[in-house]
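Trainee: Okay, handing you the structure first.
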Amino acid sequence: MKKHSARVAPLSACNSPVLTLTKVEGEDRTRENVVGSTDAQSASAAGGESGTSRRRLHCCVRVTAVQVRKALWGVAMVMCVCSSWAGSTQLAKLTFKQFDAPFTLTWFATTWNCLFFPVYYVGHLCKSPERQTPRQRLRECCRFFGDEGLTPKVFFTKVAPFGLLWILTNYLYLQALRKINTTDVSALFCCNKAFVFLLSWIVLRDRFMGVRIVAAILAIAGIVMMTYADGFHSHSVIGITLVVASASMSALYKVLFKMVLGSAKFGEAALFLSIVGSANFVFISFVPVILYFTHVEYTGSPADIPWAYLCGVAALLFAFNILVNFGIAITYPTLISLGIVLSVPVNAMVDLYTCDINFNTVRLIAVFIICLGFLMLLLPEDWDQCIIRLTTKLRKRDDPAEVAGETGANAGLNWRGRGRTSLSTYAR
């Protein structure tokens, strides 16, 4: 008992320097531990926040870099599409001065489509980690036509009609170049975008959009004004009719392809176009021969044919089709379409210095209306919602003081509410 009381007594003695010191040291250690743990928690929280912010910053920088790279590729793609389309149009116009055979030129240029799949396969070997043999890749792409692949029935029902539409589109376009200038032809061909929308709305039951109806009306108004610009002469009316028919065939090709075959991957599209080119060479080669011997498209001896011009037109059209069909792999589809409409002012500048063309007010308004309608058709389906979101964001950025003031007022109200609740609790 004495030992026990002896141990208790010092505990109750507040004057003991050892106990006082030990007690103070214990309190300091406890406080130090608490402060240390608080600092560690705050440091870890700060480290977590900084790590999160770094990850967000890295992600934003990476996304921005990807978008910038895609935009730069888009600018290059716009220039390439514009130059190839305008170049093929101008060169075809020059070719007809020495080689007046539009169907033969169409057949020759379409035959170059055979090169699509070989070019695609070279790209596949360079980019794909799993390299396949040409036969394996061909079999895989043939599944696009069905489980049985490319059978004679599939060829004559799903491939041959599109080959005929392809030839008609190019032949009518080249025929129109023989009648009217390249500026009018390239501007009127932009109406195919409006025809695609109208056919998709009627046949495929696509979503109705008022802005696209307005664009289609502008395209039709531009066609009428373009016809009026030359005073309804028979020569210009025939040329305008031919290019509008070419745009219609192009729209019909696109809508029927979507309805019959659906969407195609890059390899499937390349194989399809190669089959179209091969079928053109095998089944349509007799037509230029008949036209030659009947003197409908008499070209003289083979030595008189301007092979450089023919190969130039075919190469530019081939490059244009490659850019349009496969350019979406590296940039936005809207920028590719923008390259087509930009070929109109390029052709106008070339025509202004190379041929006698009258850019009267009616023609300029017609070209402007058609191009405006084309650009309106490039708007996305939710363009109105995007504008509303953008306007809302801009308003929030323009009025930061109001937002801060509202936040401060709300904070003050919350503080007062809490104070009243505490007082009422203590009163009770």
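Placement of Cβ uses the backbone N, Cα and C atoms for every residue, glycine included.
TrEMBL: automatically predicted annotations, no manual curation.
Keep in mind the model is a prediction, meaning the values are calculated, not measured.
TrEMBL feature annotations, pasted as is:
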REGION    29-51  region 'Disordered'
TRANSMEM  71-92  transmembrane segment
DOMAIN    72-227  domain 'EamA'
TRANSMEM  104-123  transmembrane segment
TRANSMEM  155-173  transmembrane segment
TRANSMEM  185-204  transmembrane segment
TRANSMEM  211-229  transmembrane segment
TRANSMEM  235-257  transmembrane segment
TRANSMEM  269-293  transmembrane segment
TRANSMEM  305-323  transmembrane segment
TRANSMEM  330-350  transmembrane segment
TRANSMEM  362-379  transmembrane segment
Trainee: So what's near the transmembrane segment (104-123) in sequence-distant terms, Cβ-Cβ under 8 Å and 6+ beyond its ends?
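Mentor: Cβ under 8 Å, 6 or more out: 92, 95, 134, 137-138, 141, 166-167, 170-171, 174, 266-267, 269-271, 273-274, 276-278, 280-281, 284-285, 287-288, 291-292, 297, 299, 310, 313-315, 317-318, 321-322, 326.
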Trainee: Looking only at residues six or more beyond either end of the transmembrane segment (211-229), which have a C-beta under 8 A from one in the stretch?
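Mentor: Residues packing against the transmembrane segment (211-229) from afar: 184, 187-188, 190-191, 193-195, 197-198, 236-237, 240, 244, 360, 362-363, 365-367, 369-370, 372-374, 376-377, 379, 383.
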Trainee: Which listed range (155-173, 185-204, 305-323, 362-379) shows the maximal number of Cβ pairs under 8 Å with respect to the transmembrane segment (269-293)?
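Mentor: Maximum Cβ contact count belongs to 155-173.
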Trainee: If you count Cβ pairs under 8 Å, which stretch among 71-92, 305-323, 362-379 touches the transmembrane segment (330-350) the most?
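Mentor: Out of the listed stretches, 71-92 contacts the transmembrane segment (330-350) most.
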Trainee: Mean pLDDT, the domain 'EamA' (72-227)?
Mentor: 89
